[in-house]
Amino acid sequence: MSPTDDTKPFLPFTRPDIDEETIAGVADVLRSGWITSGPQVKAFEATLSQLFGGRPVRAFNSGTCTMEIALRIAGVGEGDEVITTPLSWIATSNVVLETGASPVFMDIDPVTRNIDLEKIEAAITPRTKAIIPVDLAGLPVDRDRLHAIAQKHNLRVVEDAAQAAGSKWRGNLIGTKAASRDFASFSFHPNKNITSIEGGCLVLNDEREAALAEQYRLQGVVRTGFDGMDAEVLGGKFNLTDVAARVGLGQLRRLDEFNAKRRALAQHYFKLLDAPAARALNLGLPPADFENSNWHMFQVVLPEGPGCLTRAQVMEKMRAANIGTGVHYPPIHLFTLYRNLGWKPGDFPNAERIGRTILTLPLFPAMTADDVGRVVATLGEILQKK
Ligand SMILES: *Cc1c(COP(=O)(O)O)cnc(C)c1O
């Protein structure tokens with residue numbers, strides 16, 4: 001097959017799978033007379049709470065505001081520092097800036113592509129209030145080491161588990177354990193393993209935190225009796241709609257099924273990419289962690305140097321062959337907003353090297369093994385031809 005073969009249908013790098021039962025359920029909500037936050041949100045939160053071992057859970061209209069609210073509950077604000085990774089979606093550190101605190105980036109481990117826990121302690125100062133670890137592509141950060149560091153230095157942890165729905169650490173679902181009073185934040189954006197169109201949820205530690213989360217979610221308002229209303233904190237407008245929550249409920253029922261399909265497809269990628277011909281392509285592969293990862297993405301790191309195609313050239317040729325790819329992510333500290341705050345090229349060599357050439361290949365539950373074969377064959381031809 002030629003790389004410019006466009007006779008095959010377009011294969012996106014991801015695609016949500018919404019079943020007919022969910023679509024019918026959404027129609028019921030639309031006809032019910034109550035379409036914004038109501039009984040579906042309550043049911044979604046209750047089901048999520050069951051999933052996360054009974055911990056309190058509140059739903060929001062994005063994974064971004066979910067993290068911002070966690071930071072506010074943790075009391076993070078002006079003058080505080082929050083340690084995080086430069087290799088993530090920009091939301092991870094934007095929420096720190098939103099609170100008035102300063103993000104402190106630490107370089108990644110080039111193998112896991114997650115924050116290098118060896119380096120975290122060197123970044124802790126008297127102003128450090130929290131750590132935001134990111135489970136990139138669903139591969140969890142080592143929770144034992146992370147929590148040991150957080151406990152030793154009395155820091156809060158806001159787990160950016162946006163990509164880690166269904167990922168595990170030592171057999172426990174990410175979000176179920178609160179070893180150091182941590183928060184776990186999930187996103188239900190359509191690219192994530194389960195979706196509510198837009199949305200997110202926060203796993204909290206007690207009812208006091210949950211009540212505060214509700215206040216930050218809706219203008220700080222607290223209601224009592226039939227007509228009592230007060231506001232003590234500055235909240236925003238972050239509530240999830242019942243329509244979205246109904247989509248989320250339909251997706252939640254299929255989380256295990258979706259992730260099992262992703263796992264099988266990832267295994268197939270490894271089988272094909274670990275063959276001798278494919279090894280000659282010099283691609284950096286993700287860790288083959290079939291115990292813990294939910295295989296949110298399958299990302300390779302392209303070779304770099306004289307005679308190598310740039311990532312943009314590879315993406316263009318893949319697109320010409322009707323295959324979508326993605327970039328997750330350019331390092332955050334090199335965006336203009338962050339350069340203007342003082343970061344510069346060379347600050348985090350691992351994140352910069354990987355951010356420059358990391359490429360997300362198609363992976364979603366409705367894909368087939370043949371699709372994986374098509375991706376690997378096309379990529380192989382493109383990289384061999386140069
Ligand atoms: C998707 C994502 C977010 C933000 O979630 P939204 O629902 O898009 O606001 C934050 N962090 C990471 C790592 C993500 O992948």
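Note that the numbers count up from 1, one per residue, in the order the chain is shown.
A Cβ is built for glycine as well, from the same backbone N, Cα and C atoms used for every other residue.
Residues or ranges marked as active site, proton acceptor in TrEMBL: Lys192. Per TrEMBL, N6-(pyridoxal phosphate)lysine is recorded for Lys192.
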Restricting to the chain of Lys192 (active site, proton acceptor) and a gap of 6 or more, list residues whose Cβ falls under 8 Å of its Cβ, or answer none.
Gly63, Ala162, Gln163, Ala165, Phe186, His296
According to DSSP, does the residue listed as 'active site, proton acceptor' sit in a helix, a strand, or coil?
coil
